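Scroll down for the structure; my scribbles are underneath it.
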Amino acid sequence: MSSLSNASHLMEDVQGIRKAQRADGTATVMAIGTAHPPHIFPQDTYADFYFRATNSEHKVELKKKFDRICKKTMIGKRYFNYDEEFLKKYPNITSFDEPSLNDRQDICVPGVPALGAEAAVKAIAEWGRPKSEITHLVFCTSCGVDMPSADFQCAKLLGLRTNVNKYCVYMQGCYAGGTVMRYAKDLAENNRGARVLVVCAELTIIGLRGPNESHLDNAIGNSLFGDGAAALIVGSDPIIGVEKPMFEIVCAKQTVIPNSEDVIHLHMREAGLMFYMSKDSPETISNNVEACLVDVFKSVGMTPPEDWNSLFWIPHPGGRAILDQVEAKLKLRPEKFRATRTVLWDCGNMVSACVLYILDEMRRKSADEGLETYGEGLEWGVLLGFGPGMTVETILLHSLPLM
């Protein structure tokens, strides 16, 4: 055989291998699980708890301001992995800027994978197949950076097989719920038979601190963020009668908004994670979101809808002002953000886990109301993540009929 024909034969072999390795269908969400830590704090009394727990009750005017901030958030309650008795052991954490990173790490490093594993157990149970069939694990968090990392610890807690392909997404912030869905799509579609366990877990104690008159950004963060974890099972070519496909991940794209790096940024210091947010963040997001939407539709050869109300919506609830301005910019009816506002009210902003919670809320409500699809009876929708950078994750979803 000549060298030319031999090379051609090898190329055919490579192409055949490549084709055999890839799935036939689109990546699909097949199961969802969520988990909370045990301590529930009503938002209308959170200022009392926060100023008492941080030994700041003498800051009367600042407390009044913080209470007003809390009551404007449209949050009803939040969950945390700490209570007042727990925080008494850590006066360095409840101060504003005392060195406390070691203690925060000691709490988060075991706590994050443990909470994530709780959500994963629920997702695996709903999926209905043995955990030994999980081929990939994508774990996401913005706290508890360590080695071996949180993906390793979560896999160990779950008893996943030792050759699971693991990925850890650290320190991406609020847009990362979209990031992990983008990763899951690529993994599921490029590995035939893959079943990807996606886990997002967040603990706010990495950035909890006492109030300071000169740093209201952190006060705003303390009024918004809550603890939580969520998990998905994602795979292509679902097994009929065994797996329950809900949402197809048709397209996933990331966009960085130019000249917006200083709008939202966080920095890890000896005193924990410091939070900075410009008052321009709602306007920055709302002015750029439509371009991201148009891009994701055009990238798959679809014409963007003339009326954005024809879609179902899963935007990350960065805060009330962000939702209000995006809703106004896109001329959306108030009910379009119902699932997002429900999760914001029930749980606060849980960073990367939020959009997965909203996906769960939407599919459950759709089933309860007897609608035709998991996406509020609609066929097409979008999931949006917003976070530091400013970075936007735009996910085009196709909702399947309710089973």
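The backbone N, Cα and C atoms fix where each Cβ goes, glycine too.
Taken from Swiss-Prot, the feature active site applies to C174, supported by similarity to another entry. Applying an 8 A CB threshold to same-chain residues 6+ apart, the list for C174 (active site) reads I264, H316, G318, N349, V351, S352, C354, G385, F386, G387, P388.
Counting every protein chain shown, 23 other Cβ atoms lie within 10 Å of the Cβ of G319 (CoA binding site). The CoA binding site annotation in Swiss-Prot covers S281, G318, G319, R320, A321.
Per Swiss-Prot, site 'Determines the polyketide chain length and product specificity' is recorded for G207. Sequence-distant contacts of G207 (site 'Determines the polyketide chain length and product specificity'), defined by Cβ-Cβ distance under 8 angstroms and a gap of at least six in the same chain, are C143, N218, G221, N222, F225, L266, G272, L273, M274, F275.
Across S281, G318, G319, R320, A321, which the record gives as binding CoA, the greatest C-alpha separation is 12 Å. Compute the center of the Cβ atoms of S281, G318, G319, R320, A321, which mark the site for CoA; besides them, the chain residues with Cβ within 8 Å of that center are P282, P317, I322, L323, D324, Q325.
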